[in-house]
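> As annotated in TrEMBL:
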- 21-37: transmembrane segment (TRANSMEM)
- 80-98: transmembrane segment (TRANSMEM)
- H112, H116: Zn(2+) binding site (BINDING)
- 113-133: transmembrane segment (TRANSMEM)
Amino acid sequence: MVWEMLLYIYILYSPDWHYRSTMPTFLFLYGAVFAIAHSHVRFGIGFKLHYGMLCLLCIPRMYKYYIHTEDLSAKRLAKLYVGTLFLGSLCWLSDRFLCKKISHWHVNPQGHALWHVLMGFNSYFANTFLMFCRAQQRGWAPRVVHFMGFFPYVKIQKPKAQ
């Protein structure tokens with residue numbers, strides 16, 4: 001999860017970064033140090049707070065790309081990203097805080113399992129939207145197309161080298 005957010009930070013902030021090699025080096029070292037520290041000392045709530053902080057760092061820049069994107073399919077990806085994040089969090093929180101009540105129901109909605117499924121889609125939609133943004137940054141004429149009419153992905157048309 002942390003590596004994913006570090007990748008998002010790179011994609012979102014790298015166009016404005018003046019020193020090309022320092023940002024990826026810093027993000028890699030940051031991620032490696034965090035992974036080693038987390039493997040030795042389980043952070044628990046600290047991990048969740050850290051992940052939340054990384055997510056919050058991405059929101060302003062992701063919103064900037066959202067409002068500057070004219071492609072409606074790309075905007076739909078961003079909306080699906082936010083929607084699955086919200087629904088997944090709602091499932092996780094309800095399972096976490098209402099577990100004793102929910103476990104007595106005839107049908108258990110399995111909130112934690114739904115969280116995993118929704119967060120998987122969440123990662124996919126975020127990655128696809130950020131691929132679109134990165135391709136736009138590089139001038140590759142991206143467009144969102146659908147595999148089998150359902151799964152969105154980004155198709156790019158790189159300009160011919162002069």
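Just so it is clear, glycine is given a Cβ too, placed from its N, Cα and C backbone atoms.
Unlike curated entries, TrEMBL annotations are predicted automatically.
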> Given a Cβ distance threshold of under 8 angstroms, which distant residues of the chain, six or more beyond its ends, lie next to the transmembrane segment (21-37)?
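Distal contacts: 2-3, 6, 9-10, 13-14, 43, 50.
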> What number of additional C-beta atoms lies within 10 angstroms of the C-beta atom of H116 (Zn(2+) binding site)?
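So the number of other Cβ atoms within 10 Å of H116 (Zn(2+) binding site) is 12.
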